[in-house]
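Some features that Swiss-Prot has for this protein:
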type    : residues                                            : note
BINDING : GLU79, ASP96, LEU98                                 : Mg(2+) 1 binding site
BINDING : GLU79, LEU98, ASP99, GLY100, THR101, ARG195, ASP224 : substrate binding site
BINDING : ASP96, ASP99, ASP224                                : Mg(2+) 2 binding site
Amino acid sequence: MTSAQKPVFSPSDLQTWLEIATEAVLAAGAEIFSLWGKVQQIQEKGRAGDLVTEADRQAEAIILEIIKRRCPDHAILAEESGQLGQVDNPFCWAIDPLDGTTNFAHSYPVSCVSIGLLIQDIPTVGVVYNPFRQELFRAATSLGATLNRRPIQVSTTASLDKSLLVTGFAYDRVKTLDNNYPEFCYLTHLTQGVRRSGSAAIDLIDVACGRLDGYWERGINPWDMAAGIVIVREAGGIVSAYDCSPLDLSTGRILATNGKIHQELSQALAATPQWFQQYAAARAQKI
């Protein structure tokens, strides 16, 4: 997804791509909604708990048809189909046809369609649609962020102890000690609460529109976060690596906040190992 030659595009191009992504998420969202409660095929994709249904596949097929027809020269990175097109193409669509598949498979209505356009690996256009709440989030670099065509902004919460956060847990959480459990425990102590939706894209848009103040997670893929990153940034938030350095999509780690608690949340994540060691020792003495 890299290129030595800098791609050339205009604000009107961004608007066009935004409309293409919107067309695709709405069409896929309608398909997902029509299959609600009717899923018959649920499979695991090689990792325990990593599910795929016919809704994922059918929604992705709809999106791919639209993107390929409207942007035939662009590459695609889709959750179910993988990499399509040349790896070094500077324009690459990152597609999650159904983010929150496990929720969907259990008839828990917290899922969405997420489509982001990466330009030289930088999330530049993002659209997320939640068909169960009929919420359409859109953003493009320098064009702002909207919810159902109305501008949105991140929250104004200025301290971690007043914040409401959200996180998630990777599919390999049972097999690794780097599973986000200590961070979840520590941040629960430091904040007004930590939620878990089961959809990275929904977590990001909830930060973007001010429902939540911050989000962190490990073990996620570019298609999980590409669209949401643009939306958070255009809503006035900050997205980075855990240590506040520039985000690298390939690491699978992301920190996104309203900006006001960003440094404090980053410091808390860094302090987690020491806190958890002390907490575990103290708990062992009491049991």
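Cβ atoms here come from the backbone N, Cα and C positions, even for glycine.
Shown on the structure are the features that Swiss-Prot records.
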| residue | record | Cβ neighbours (10 Å) |
| --- | --- | --- |
| GLU79 | Mg(2+) 1 binding site | 21 |
| ASP96 | Mg(2+) 1 binding site | 35 |
| LEU98 | Mg(2+) 1 binding site | 30 |
| ASP99 | substrate binding site | 31 |
| GLY100 | substrate binding site | 24 |
| THR101 | substrate binding site | 24 |
| ARG195 | substrate binding site | 14 |
| ASP224 | substrate binding site | 25 |
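Calculated from their C-alpha atoms, the gap between LEU98 (Mg(2+) 1 binding site) and ASP224 (substrate binding site) amounts to 10 Å. Counting in whole angstrom, ASP99 (substrate binding site) lies 9 from GLU79 (Mg(2+) 1 binding site) by their C-alpha atoms. The two recorded residues, ARG195 (substrate binding site) and GLU79 (Mg(2+) 1 binding site), show a Cα separation of 25 Å.
Rounded to a whole number, the distance between the Cα atoms of ASP224 (substrate binding site) and ASP96 (Mg(2+) 1 binding site) is 6 Å. Comparing Cα positions, GLU79 (Mg(2+) 1 binding site) lies closest to ASP224 out of the binding-site residues GLY100, THR101, ASP224.
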